[in-house]
Amino acid sequence: MEKAALLAKVTEKTQQLYPQVVAYRRHLHQNPELSFEEYQTSAYIKSQLQLMGIDFEEVLTTGIVAWIEGKAGESTKTIVLRADMDALPIKEENKLDFSSQTEGVMHACGHDFHTANLLGVAHILKSLAHEFSGKVLLLFQPAEERIPGGAKGIIDSGILDRLGNHNIAAVLGLHVSPQLKTGQIGVCAGRFMASSDEIYLKIKGKGGHAAEPHRAIDPIMVAVQVLSSLQHIVSRKANPSIPSVLTFGKIIGNGAANVIPEEVSLEGTFRTMDENWRAEALQHLKLMVKQSTQMLGAQAELEIRNGYPVLLNNEALSIWFKEQMAQYLGSESVQEIPQWMAAEDFAYYSHCYPALFFLVGIKNEQQRLQYGLHNAKFDLDEQAFLNAMQAMALSALTFLGGNNE
């Protein structure tokens, strides 16, 4: 099918599906579930897939991999379309007809949008299976928000390679962006999102009276020295051309105005865009913690929980995607975006297969939809579904349909 005709068909189906996809999203938003606890979410997705007549398998208890076989010819080539579906431990502050009904849990990162969007794409691809050959895998992934994440477990299970005929040619995923205007498509080729490692540090000193610091080992002052020295990792050890961020967001002393505590706990993250430097930086961190605490007579207990790797957008796939979206949606709808220092477990797919993770704008200042991700007032412009569904559906149809010129 010619691209103009294909675009017309997909546009028509997208507009027809829009009310249904909005309903999907609002149901999911009302019923959020935390990582690895997405039981009702999974059941809801499976019920919708069954209504569409789409086969699926379960993975990691709550995960789902569905598939649609192309009918346009013989091919083993497979494309994977991924959506994450877990929520966050945040109490929603929005007053919506569909606000979260689960106390202290909220879809504050748009995963309700991602999942609803993929259900809409499933409708489109099922109805247009005669337009492509090969196979589309629809991956509804649990637990993006919580280390170790769901992506690595899904890869390790082998389900993608098995259902994908050991010929996965591309993995596509998207994320909503409050920084982009509604419907804008943002792409960054190469290194796109950072690695992230969690740091848990306990500094043990010797408690005492605030009037007698000489009889104590003040863990708060030791913590100050440790934090100061650790920032040298980014400012003096790192190559300035490699983005790196070391942030401690939690410090607990549990002393009092006149009490030097026994210990101080610190929690933070280290993020970077280079895997080799990541390993080196964590070694620097371990050494600096040990030296700084010992020098001041304290002891340290350090735990580093390795998180997600750097997300690598395949260069060729990124260029292809931008060209296709410019042709289908118009060049004004597609833009180059900078690297993003957040972390995403989609990164694991990018280390195993040609992968592309792109952003879809959901910002609408006129509707006051401008709060950031992980904010208790986060909401999004549902009009973004129109371009989001088209971007994913057209990518799959073009990739598997021979319209790659």
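Glycine is no exception: its Cβ is also placed from the backbone N, Cα and C atoms.
Bear in mind that TrEMBL entries carry predicted annotations, made automatically and left uncurated.
On a predicted model such as this, the values are computed, not experimentally measured, just so you know.
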Original post:
If TrEMBL says Cys109, His111, His175, His374 bind Mn(2+), which of Glu92, Glu131, Glu145, Glu198 does it name for the same site?
Top reply: Glu145
Subject >> Fewest other Cβ within 10 angstroms of its own Cβ, chosen from the binding-site residues His111, His374 >> reply: His374
Subject >> Chain-mates of Cys109, His111, Glu145, His175, His374 with C-beta within 8 Å of site centroid, Mn(2+) >> reply: Asp84, Asp86, Leu88, His107, Ala108, Gly110, Glu144, Leu373
**OP:** Sort His374 (Mn(2+) binding site) into helix, strand or coil using the DSSP assignment.
**Re:** coil
Original post:
Tally of helix, strand and coil residues over the domain 'Peptidase M20 dimerisation' (200-290) according to DSSP?
Top reply: 38 helix, 31 strand, 22 coil
Subject >> Confidence summary for the domain 'Peptidase M20 dimerisation' (200-290), mean pLDDT rounded >> reply: 98
